[in-house]
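Report on the structure given below.
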(Lines of atoms letter the chains of each structure in order from A and count residues from 1; the text may use other names and numbers.)
(Lines give C-alpha, C1' and ligand atoms only; values in the text may rest on other atoms or scores of the structure.)
Protein backbone atom coordinates (compact mmCIF):
# COMPACT_ATOMS: atom_id res chain seq x y z
CA UNK A 1 0.00 0.00 0.00
CA UNK A 2 1.18 3.52 -0.77
CA UNK A 3 0.87 4.64 2.86
CA UNK A 4 2.91 1.67 4.05
CA UNK A 5 5.68 2.38 1.53
CA UNK A 6 5.80 6.01 2.62
CA UNK A 7 6.25 4.85 6.21
CA UNK A 8 9.15 2.61 5.14
CA UNK A 9 10.72 5.54 3.29
CA UNK A 10 10.39 7.85 6.32
CA UNK A 11 11.81 5.34 8.77
CA UNK A 12 13.89 2.43 7.53
CA UNK A 13 15.31 3.93 4.34
CA UNK A 14 15.84 7.39 5.77
CA UNK A 15 17.72 5.98 8.75
CA UNK A 16 19.92 3.43 7.01
CA UNK A 17 20.28 4.20 3.28
CA UNK A 18 23.61 5.98 3.77
CA UNK A 19 25.08 2.91 5.48
CA UNK A 20 23.33 -0.05 3.85
CA UNK A 21 22.25 -1.25 0.41
CA UNK A 22 18.69 -2.63 0.43
CA UNK A 23 17.51 -5.79 -1.32
CA UNK A 24 13.76 -6.50 -1.30
CA UNK A 25 11.73 -9.59 -2.04
CA UNK A 26 8.19 -8.30 -1.85
CA UNK A 27 5.01 -10.27 -1.24
CA UNK A 28 1.95 -10.02 -3.45
CA UNK A 29 -0.10 -9.62 -0.28
CA UNK A 30 0.05 -9.79 3.49
CA UNK A 31 3.30 -10.20 5.43
CA UNK A 32 5.69 -12.72 3.93
CA UNK A 33 8.11 -10.45 2.08
CA UNK A 34 11.76 -10.34 3.11
CA UNK A 35 14.54 -7.76 3.02
CA UNK A 36 18.31 -7.83 3.28
CA UNK A 37 20.44 -4.86 4.29
CA UNK A 38 24.11 -5.12 3.30
CA UNK A 39 26.61 -2.68 4.73
CA UNK A 40 28.29 -0.44 2.18
CA UNK A 41 30.67 -0.73 0.37
CA UNK A 42 30.31 -4.52 0.62
CA UNK A 43 28.21 -5.85 -2.25
CA UNK A 44 27.12 -9.38 -3.13
CA UNK A 45 28.29 -10.56 -6.53
CA UNK A 46 24.86 -12.05 -7.22
CA UNK A 47 21.32 -11.81 -5.79
CA UNK A 48 18.53 -14.34 -6.39
CA UNK A 49 14.92 -14.20 -5.17
CA UNK A 50 13.98 -17.87 -5.23
CA UNK A 51 15.63 -21.28 -5.01
CA UNK A 52 16.01 -23.15 -8.33
CA UNK A 53 13.77 -26.09 -7.37
CA UNK A 54 10.96 -24.07 -5.78
CA UNK A 55 8.97 -22.96 -8.87
CA UNK A 56 8.42 -26.57 -9.95
CA UNK A 57 7.60 -27.86 -6.46
CA UNK A 58 4.13 -26.38 -5.89
CA UNK A 59 1.92 -23.71 -7.44
CA UNK A 60 2.21 -21.51 -4.34
CA UNK A 61 5.98 -21.32 -4.83
CA UNK A 62 5.83 -20.35 -8.52
CA UNK A 63 5.17 -16.85 -9.83
CA UNK A 64 3.73 -17.34 -13.34
CA UNK A 65 4.74 -13.78 -14.24
CA UNK A 66 8.40 -14.29 -13.27
CA UNK A 67 9.82 -17.66 -12.20
CA UNK A 68 12.91 -15.90 -10.85
CA UNK A 69 10.91 -14.52 -7.88
CA UNK A 70 9.04 -16.32 -5.15
CA UNK A 71 5.45 -14.99 -5.36
CA UNK A 72 5.27 -14.47 -1.58
CA UNK A 73 8.71 -12.89 -1.31
CA UNK A 74 10.03 -15.64 0.93
CA UNK A 75 13.58 -15.95 -0.43
CA UNK A 76 16.71 -13.85 -0.86
CA UNK A 77 19.99 -15.56 -1.78
CA UNK A 78 23.14 -13.41 -1.84
CA UNK A 79 26.54 -14.58 -3.10
CA UNK A 80 29.54 -13.21 -1.20
CA UNK A 81 33.23 -13.97 -1.54
CA UNK A 82 33.53 -16.82 0.97
CA UNK A 83 29.91 -18.06 1.34
CA UNK A 84 26.34 -17.76 0.12
CA UNK A 85 23.78 -16.13 2.42
CA UNK A 86 20.26 -17.55 2.18
CA UNK A 87 17.48 -15.67 4.00
CA UNK A 88 14.05 -17.28 4.05
CA UNK A 89 10.66 -16.95 5.64
CA UNK A 90 9.59 -20.57 5.42
CA UNK A 91 5.83 -21.20 5.12
CA UNK A 92 3.86 -22.34 8.15
CA UNK A 93 2.81 -25.99 8.08
CA UNK A 94 -0.80 -25.05 8.79
CA UNK A 95 -3.55 -27.40 9.94
CA UNK A 96 -5.02 -28.95 6.80
CA UNK A 97 -3.97 -31.11 3.86
CA UNK A 98 -3.34 -28.25 1.36
CA UNK A 99 -1.09 -26.46 3.86
CA UNK A 100 0.75 -29.70 4.65
CA UNK A 101 1.40 -30.25 0.93
CA UNK A 102 2.62 -26.68 0.47
CA UNK A 103 5.14 -26.95 3.29
CA UNK A 104 6.23 -30.46 2.27
CA UNK A 105 6.90 -29.16 -1.26
CA UNK A 106 8.98 -26.31 0.16
CA UNK A 107 11.08 -28.71 2.23
CA UNK A 108 11.53 -31.10 -0.69
CA UNK A 109 12.71 -28.29 -2.98
CA UNK A 110 15.10 -26.99 -0.33
CA UNK A 111 16.47 -30.50 0.15
CA UNK A 112 17.01 -30.87 -3.60
CA UNK A 113 18.88 -27.57 -3.85
CA UNK A 114 20.93 -28.17 -0.71
CA UNK A 115 22.08 -31.51 -2.09
CA UNK A 116 23.56 -29.68 -5.09
CA UNK A 117 25.23 -26.74 -3.34
CA UNK A 118 28.94 -26.34 -4.00
CA UNK A 119 29.76 -23.33 -1.80
CA UNK A 120 29.64 -22.76 1.98
CA UNK A 121 26.20 -21.59 3.05
CA UNK A 122 24.74 -19.47 5.84
CA UNK A 123 20.96 -19.94 6.08
CA UNK A 124 19.14 -17.49 8.33
CA UNK A 125 15.54 -16.61 9.06
CA UNK A 126 12.22 -17.93 10.25
CA UNK A 127 12.43 -21.60 9.27
CA UNK A 128 9.17 -22.31 11.14
CA UNK A 129 10.29 -25.55 12.79
CA UNK A 130 11.34 -26.26 16.37
CA UNK A 131 13.83 -29.07 15.90
CA UNK A 132 13.67 -30.82 19.28
CA UNK A 133 11.62 -30.92 22.46
CA UNK A 134 14.11 -28.58 24.16
CA UNK A 135 13.24 -26.00 21.50
CA UNK A 136 9.73 -25.43 22.90
CA UNK A 137 8.64 -24.44 26.38
CA UNK A 138 5.78 -26.96 26.69
CA UNK A 139 6.42 -29.93 24.37
CA UNK A 140 3.60 -32.17 25.59
CA UNK A 141 1.10 -29.31 25.42
CA UNK A 142 2.30 -28.37 21.93
CA UNK A 143 1.74 -31.92 20.67
CA UNK A 144 -1.91 -31.74 21.76
CA UNK A 145 -2.69 -28.51 19.89
CA UNK A 146 -4.31 -27.85 16.52
CA UNK A 147 -4.55 -30.74 14.06
CA UNK A 148 -5.08 -34.18 15.63
CA UNK A 149 -6.12 -36.27 12.61
CA UNK A 150 -4.22 -38.39 10.10
CA UNK A 151 -1.48 -38.59 9.05
CA UNK A 152 -0.13 -38.99 12.57
CA UNK A 153 3.13 -37.16 11.84
CA UNK A 154 1.18 -33.95 11.13
CA UNK A 155 -0.47 -33.85 14.56
CA UNK A 156 0.30 -31.00 16.91
CA UNK A 157 1.39 -27.39 16.84
CA UNK A 158 2.53 -26.30 13.36
CA UNK A 159 6.30 -26.08 13.52
CA UNK A 160 6.53 -28.93 16.04
CA UNK A 161 4.96 -31.91 14.32
CA UNK A 162 6.97 -35.11 13.97
CA UNK A 163 6.93 -34.84 10.19
CA UNK A 164 8.32 -31.31 10.10
CA UNK A 165 11.03 -32.16 12.59
CA UNK A 166 12.05 -35.22 10.58
CA UNK A 167 12.29 -33.18 7.37
CA UNK A 168 14.29 -30.49 9.16
CA UNK A 169 16.87 -33.09 10.26
CA UNK A 170 17.05 -34.30 6.66
CA UNK A 171 17.76 -30.76 5.45
CA UNK A 172 20.60 -30.39 7.94
CA UNK A 173 22.05 -33.75 6.91
CA UNK A 174 21.89 -33.34 3.15
CA UNK A 175 23.16 -29.74 3.34
CA UNK A 176 25.87 -30.56 5.90
CA UNK A 177 24.49 -27.70 7.97
CA UNK A 178 25.03 -26.98 11.65
CA UNK A 179 22.67 -25.23 14.08
CA UNK A 180 24.99 -22.46 15.25
CA UNK A 181 22.93 -21.58 18.31
CA UNK A 182 22.82 -25.15 19.60
CA UNK A 183 26.56 -25.55 18.98
CA UNK A 184 27.31 -22.67 21.33
CA UNK A 185 24.39 -23.22 23.72
CA UNK A 186 24.14 -27.00 24.21
CA UNK A 187 20.88 -28.35 25.58
CA UNK A 188 20.78 -29.71 29.12
CA UNK A 189 20.11 -33.43 29.66
CA UNK A 190 17.79 -32.44 32.52
CA UNK A 191 15.15 -31.04 30.18
CA UNK A 192 14.01 -27.84 28.43
CA UNK A 193 15.71 -24.56 29.36
CA UNK A 194 13.80 -22.20 31.66
CA UNK A 195 11.00 -20.30 29.87
CA UNK A 196 12.27 -16.97 31.24
CA UNK A 197 15.64 -17.07 29.50
CA UNK A 198 16.77 -16.15 25.96
CA UNK A 199 16.19 -19.62 24.56
CA UNK A 200 13.14 -19.18 22.31
CA UNK A 201 12.76 -16.95 19.27
CA UNK A 202 8.94 -16.95 19.09
CA UNK A 203 6.62 -16.26 22.03
CA UNK A 204 2.86 -16.05 22.37
CA UNK A 205 1.41 -12.61 23.02
CA UNK A 206 0.08 -11.54 26.43
CA UNK A 207 -3.68 -10.97 26.91
CA UNK A 208 -4.85 -7.76 25.25
CA UNK A 209 -8.63 -7.66 24.93
CA UNK A 210 -9.23 -11.01 26.62
CA UNK A 211 -8.51 -12.36 30.11
CA UNK A 212 -6.43 -15.29 28.84
CA UNK A 213 -4.19 -15.65 25.77
CA UNK A 214 -3.76 -19.27 24.74
CA UNK A 215 -0.05 -19.05 23.90
CA UNK A 216 1.02 -16.52 26.52
CA UNK A 217 4.03 -17.82 28.45
CA UNK A 218 4.84 -20.36 25.76
CA UNK A 219 7.66 -20.18 23.25
CA UNK A 220 9.38 -21.94 20.37
CA UNK A 221 12.82 -21.66 18.78
CA UNK A 222 11.90 -21.52 15.10
CA UNK A 223 14.38 -18.89 13.83
CA UNK A 224 17.88 -20.07 12.99
CA UNK A 225 21.36 -19.24 11.82
CA UNK A 226 22.48 -22.44 10.10
CA UNK A 227 26.04 -22.70 8.80
CA UNK A 228 27.90 -25.15 6.60
CA UNK A 229 30.25 -27.49 8.45
CA UNK A 230 33.27 -25.83 6.84
CA UNK A 231 32.30 -22.51 8.45
CA UNK A 232 32.38 -23.90 11.97
CA UNK A 233 35.95 -22.64 12.69
CA UNK A 234 34.70 -19.11 11.99
CA UNK A 235 31.74 -19.28 14.40
CA UNK A 236 32.18 -16.66 17.14
CA UNK A 237 28.66 -16.04 18.47
CA UNK A 238 25.04 -17.03 17.87
CA UNK A 239 22.53 -15.38 20.18
CA UNK A 240 18.83 -14.84 20.78
CA UNK A 241 18.30 -11.19 21.70
CA UNK A 242 14.93 -11.39 23.45
CA UNK A 243 13.55 -13.22 26.46
CA UNK A 244 10.63 -13.79 28.80
CA UNK A 245 6.88 -14.21 28.51
CA UNK A 246 6.50 -10.44 28.15
CA UNK A 247 8.80 -10.57 25.10
CA UNK A 248 11.52 -8.23 26.30
CA UNK A 249 13.65 -7.20 23.32
CA UNK A 250 11.18 -8.51 20.76
CA UNK A 251 10.78 -4.97 19.35
CA UNK A 252 7.04 -5.17 18.72
CA UNK A 253 7.12 -8.54 16.97
CA UNK A 254 6.27 -12.01 18.26
CA UNK A 255 9.72 -13.05 16.97
CA UNK A 256 12.98 -12.10 18.63
CA UNK A 257 15.98 -10.76 16.72
CA UNK A 258 18.84 -13.24 16.48
CA UNK A 259 22.53 -12.53 15.85
CA UNK A 260 25.24 -14.55 14.13
CA UNK A 261 28.91 -13.53 14.26
CA UNK A 262 31.42 -15.21 11.94
CA UNK A 263 35.12 -14.46 12.12
CA UNK A 264 36.89 -13.46 8.92
CA UNK A 265 38.70 -16.15 6.98
CA UNK A 266 42.36 -16.55 7.82
CA UNK A 267 44.50 -13.94 6.14
CA UNK A 268 41.79 -11.27 5.94
CA UNK A 269 40.71 -8.41 8.18
CA UNK A 270 37.38 -7.56 9.77
CA UNK A 271 34.30 -9.68 10.48
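Numbering starts at 1 and runs along the chain as it is shown here.
Each Cβ is built from the backbone N, Cα and C atoms, and glycine gets one as well.
What TrEMBL says about a protein is an automatic prediction, not a curated fact.
Record features, source TrEMBL:
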{"type": "DOMAIN", "residues": "20-255", "note": "domain 'Endonuclease/exonuclease/phosphatase'"}
{"type": "ACT_SITE", "residues": "89", "note": "active site"}
{"type": "ACT_SITE", "residues": "126", "note": "active site, proton donor/acceptor"}
{"type": "SITE", "residues": "128", "note": "site 'Transition state stabilizer'"}
{"type": "REGION", "residues": "182-205", "note": "region 'Disordered'"}
{"type": "SITE", "residues": "223", "note": "site 'Important for catalytic activity'"}
{"type": "REGION", "residues": "249-271", "note": "region 'Disordered'"}
{"type": "SITE", "residues": "255", "note": "site 'Interaction with DNA substrate'"}
{"type": "ACT_SITE", "residues": "255", "note": "active site, proton acceptor"}
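Of all Cβ atoms in the protein chains displayed, 20 besides its own lie within 10 Å of the Cβ of residue 223 (site 'Important for catalytic activity'). On its own chain, residue 255 (site 'Interaction with DNA substrate') has 126, 201, 202, 223 as residues at least 6 apart in sequence with a Cβ closer than 8 Å to its own Cβ. Per DSSP, the region 'Disordered' (182-205) is made up of 3 helix, 3 strand, 18 coil. Here residue 89 (active site) comes close to 32, 33, 34, 73, 74, 125, 126: these same-chain residues lie at least six apart in sequence, with C-beta atoms under 8 angstroms from its C-beta.
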